[in-house]
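Trainee: Okay, here's the structure, questions in a sec.
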């Protein structure tokens, strides 16, 4: 399955790299997204299947290390390639890594086969439930990304897929409850208060994380006059602290056998950090905004391994792999919500600020300028360096309006982080991480070692 997901990712990258129109580019990114989603989920499942529960924090930290490395280098490399060579190389750059993975996976992920033939395994999959779940969640999430940006929230192009997605999830629930024989999502995954609180935390974690990654580069470009590449570097106080913090916390959880302290402290740091980001202004100096950013960055890093382990500790042995796969699903769901909520907040606050302006030109263009945050930043950048005092005054007013909208966004995110903190303190139980590691699979070398041990015991 991992090789299949990798194949989707590779094919999508090739289609994107060779696309000659937007439709082909969209198809390529969609196929690549299917592969990327599969790789994310399967990576979590493989760790669950191969590593005892108490030791998984270390491996989750290492995966976070790779994510952080990509988050730091991706915007920088992508910006350089787009400016100096071609945007197509953003896709071509994936191909060498895919080629290495094609070689390494069969060599190092040499697993024992589960009993049963391939056709029987395919028959056990709930295909109807899978199609309903994927189609309905996709239908629900896509309009969230364009609501208030490409189309108004009350436009039929936004409302129709939202309603269709909600009805699809209802059908999925009815199918799973009354007709499905092999459930893809068992109800037991959502019956425990700890699990429900943890899923909420993962969604909020993804919302704040992606709000930072999406809207802070625009802040740096508008308020700090940085280029796209420099804005990617400026994210390092967040992306650079998540990685080492996650690794250290993963090791500490493995040694202490406890995760509640990490969840509580992680949300306390995140709520404090995002609260401090409310202080950001257009003229906030580097010596101030960088230390403030480190607090929320470390909080996000603490939460990465602790939320993942809590989710699995609360699940039964039969549900553990599914619980692990739900982590990236809810985190990605939160990331999309973060961009959507952020877009709605920024749009409404910017429009409100511009409508209150004493400048008639800004009042007339308030709806147009507030419609898209990225387009607003491009307008601000186009005014930069103007000798016209009136145009410079407009630029300053637009920057202030955008910074005000970000402060409102951080207030919203701080409130959500506080809700997640209260929920974690109130409902998260301390399940034991000392559990027997039961798995249907394992490395082939493990099977040989078991045979050798049995032979020695017989002697």
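Each residue, glycine too, has its Cβ placed from N, Cα and C.
So TrEMBL has the following annotated:
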- 1-19: signal peptide (SIGNAL)
- 1-432: domain 'Major facilitator superfamily (MFS) profile' (DOMAIN)
- 29-47: transmembrane segment (TRANSMEM)
- 59-77: transmembrane segment (TRANSMEM)
- 89-111: transmembrane segment (TRANSMEM)
- 131-153: transmembrane segment (TRANSMEM)
- 159-175: transmembrane segment (TRANSMEM)
- 196-215: transmembrane segment (TRANSMEM)
- 235-254: transmembrane segment (TRANSMEM)
- 261-282: transmembrane segment (TRANSMEM)
- 288-307: transmembrane segment (TRANSMEM)
- 408-427: transmembrane segment (TRANSMEM)
Trainee: May I ask for the residues of the chain that lie six or more residues beyond the transmembrane segment (196-215) and have a Cβ under 8 Å from a Cβ within it?
Mentor: 71, 190, 235, 238-239, 263, 267, 270, 274, 296, 300, 303-304, 307, 310-311, 314, 326-327, 330-339, 341-342, 346, 373, 406, 409, 413, 416-417, 419-420, 423-424, 426-428
Trainee: Test the contact criterion for the transmembrane segment (261-282) and the transmembrane segment (89-111): 3 or more CB pairs under 8 Å, pairs 6 or more apart in sequence, then answer yes or no.
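Mentor: Counting Cβ pairs under 8 Å, fewer than 3, so no.
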Trainee: Please give the sequence-distant neighbours of the transmembrane segment (59-77): residues at least 6 beyond its ends with Cβ less than 8 Å from one of its Cβ atoms.
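Mentor: Distant contacts of the transmembrane segment (59-77): 43, 47, 51, 90, 93, 213, 217, 228-229, 231-233, 235-236, 239-240, 242-244, 246-251, 301, 304-305, 308-309.
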Trainee: Can you work out which residues elsewhere in the same chain, 6+ from the ends of the transmembrane segment (408-427), have a Cβ less than 8 Å from its Cβ atoms?
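Mentor: For the transmembrane segment (408-427), the nonlocal Cβ contacts are 193-194, 196-198, 200-201, 204-205, 207-208, 211, 215, 260, 263-264, 267-268, 270-271, 274-275, 277-278, 280, 341-342, 345-346, 349.
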Trainee: Just to confirm my parser: what is the rounded mean pLDDT across the domain 'Major facilitator superfamily (MFS) profile' (1-432)?
Mentor: 86
